[in-house]
Each structure stands twice: as structure tokens, then as C-alpha cells.
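Q: For reference, TrEMBL lists these features for the protein:
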type	residues	note
COMPBIAS	7-30	compositional bias 'Basic and acidic residues'
REGION	1-32	region 'Disordered'
TRANSMEM	73-94	transmembrane segment
TRANSMEM	151-174	transmembrane segment
TRANSMEM	201-219	transmembrane segment
TRANSMEM	226-247	transmembrane segment
TRANSMEM	267-291	transmembrane segment
Amino acid sequence: MDAPNTDLEKHPDGNPRRHSNDVTERRIEEEGSTLTATELREIERRLSLRPLAIYELVRQEGEDELTRPTSSLWWSGLAAGLSIGFSVFTQAVLRAYLPDTPWRPLIECWGYSVGFLIVILGRQQLFTEITLTATLPVLARPRWVGAKALIRLWSVVFIANMVGTAVYGAGIAFDVLGTPDITAAALAVSRKAMEAGPWSTLLRGIVAGWLIATVVWVLPSAQNAGFFVIALLTYLIALFHLSHVVAGSVEAMTLMFAGELMPHHAIWGFYLPALIGNILGGSALFALISYGQVAPELDQKGN
């Protein structure tokens with residue numbers, strides 16, 4: 001059995017371990033503790049990360065993304081564009097095999113989470129996900145060089161995502177797997193997604209961007225529940241008929257290759273409003289609010 005430990009655990013460099021919860025940390029420093037080292041480690045493991053710690057994790061990830069080679073961003077973005085197609089396809093599979101009842105969307109929309117699970121857990125480059133992670137470093141150090149890096153990252157990933165969704169959309173429209181029932185269901189899902197006008201698509205895009213940014217923000221403290229966090233929040237995007245520019249691009253491309261949607265209608269009616277909405281929700285709103293809640297603490301620490 002471990003001997004009682006009245007001191008904070010030490011890192012290899014000899015500095016006190018920094019607990020996530022400042023109140024608990026100060027109390028242990030002032031009063032000491034009869035807890036064992038094992039118990040102290042378990043307490044630290046269970047303490048929730050403070051917003052500042054989450055911010056730093058996401059910011060550092062954003063720093064890494066901003067400096068990645070263009071070729072790496074391209075291939076990862078292309079993989080994400082292809083993978084996100086499984087959201088539409090799986091939703092179509094569920095629709096094809098479920099009875100046409102009022103409760104069908106409650107089950108069918110779970111299929112929408114599949115592509116996001118592949119992309120996020122597979123660490124692929126999804127445009128709406130990096131709107132938050134890549135924006136935080138630029139907010140922390142507003143410089144032209146950072147803005148240029150952000151524009152490069154967004155541009156490469158977005159174009160790569162679009163190429164991937166075009167390939168997947170063509171595969172659905174031309175029924176390359178020979179599953180006409182599922183193709184018909186995918187076309188029905190896609191028609192429904194493209195029904196909203198530009199203004200509604202913009203507003204729905206803002207909410208969708210916020211939810212994807214929430215996934216990024218929550219994952220560091222989700223521990224083993226990351227799978228369920230991603231599944232639930234992306235399920236809500238489908239259930240609420242929100243507009244996600246990358247997943248929605250699979251639907252738009254499917255209709256375009258099927259001859260049911262003209263490119264200029266897709267651009268003005270879906271792509272531009274959804275893109276602007278996702279950026280506003282995930283970057284302009286969520287990133288600014290996330291940065292704002294930790295900015296005073298950053299100033300105190302001299303960051």
C-alpha cells in the first residue's frame with residue numbers, strides 16, 4: 001500500500017504537478033493531504049479540464065495544422081471528402097430498409113454520424129472542423145503571416161473536400177454498387193437537403209458550424225466518450241435539417257450528376273450560404289466566444 005503523501009506529485013523536472021481544478025490544487029497546497037499518490041492521480045484523472053486547458057489543447061492542434069505541408073493537407077482533405085460520403089450513404093441505407101413512418105427520421109438520422117466518426121476519429125482534414133482549431137492560434141497572435149497560413153489551410157482543405165464529395169456523389173448517382181433501392185433513397189435524402197432557400201441554408205449553416213465546433217471543444221475532456229459525443233452532435237445536424245457544406249456537398253453532387261440540380265443553383269442556393277454559415281458558426285462565433293472566455297486568464301499568465 002502506498003504511503004500517505006502530503007505533497008503534490010512531482011513531474012520529472014521537479015515542478016509541482018498542475019491539477020486541472022485550481023480550487024482543489026490550492027486546498028491541497030495549503031492544507032496538505034492524507035491521500036496516497038495513487039488516489040491523487042485518480043483525482044486528477046477525474047477532474048474536468050478547465051476552459052483554459054481545453055483552449056490550449058485545441059490551439060496547439062491548430063498550430064500544428066497551420067504548419068502542415070500542402071500535400072499532406074490535400075490528401076487528408078481528399079480522404080475526408082470521400083469518408084464523409086458515408087454519412088449520406090448510410091442514412092440512405094437506413095431509409096431504404098425502414099418503413100415509411102413518422103418515427104423513421106429518429107433512426108435514419110443516426111446514419112449521418114458514420115462519416116463524421118470516420119473523419120474525426122481518423123484524424124482526416126474536414127473543413128468545418130478546422131475552422132475552430134486553425135482560428136484560435138490566429139486570434140491569439142493576430143499577424144498577417146498567421147492569416148495567410150489560415151487562408152492556405154482553409155483553401156486547400158476545402159477544395160480537397162469538394163473533390164472527394166464529387167467523386168462520392170458521382171458514385172451514388174451512377175449507382176456503381178448496383179443498389180437501386182439505396183440510390184433512390186439517397187436521391188430522396190439529397191432532394192430534402194436542397195429544399196431550403198439561401199437564407200434558411202445560411203442560418204442552418206451557422207448552427208451546424210457551431211455544433212461541429214462544439215465537438216472539437218468537447219472532445220479533449222470527453223475521454224472515452226468521444227465516440228458518443230461525435231455521434232450525438234452530428235446526429236443532431238441531420239435531425240434538425242441543418243446545413244453542413246461538406247456533407248451537403250455529397251447530396252448536391254449526387255443531384256447534379258443525376259441531372260436534377262443545375263450547378264449555378266447549387267452554388268448560389270447551397271454552397272455559398274452553407275459555407276458562410278459554417279464559417280460564421282464555427283469560426284466567427286464559437287472561436288471568438290471560446291477565446292473570449294479564456295482571454296483574461298491568458299493575459300494574467302502573459303500568453
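A Cβ is built for glycine as well, from the same backbone N, Cα and C atoms used for every other residue.
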Q: At an 8 Å Cβ cut-off, counting only pairs 6 or more apart in sequence, do the transmembrane segment (267-291) and the transmembrane segment (201-219) clear the bar of 3 or more pairs?
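A: In contact, yes.
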Q: Can you tell me which of 73-94, 151-174, 201-219 gets the most C-beta pairs within less than 8 Å of the transmembrane segment (226-247)?
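A: Looking at each of 73-94, 151-174, 201-219 in turn, the most contacts to the transmembrane segment (226-247) are made by 201-219.
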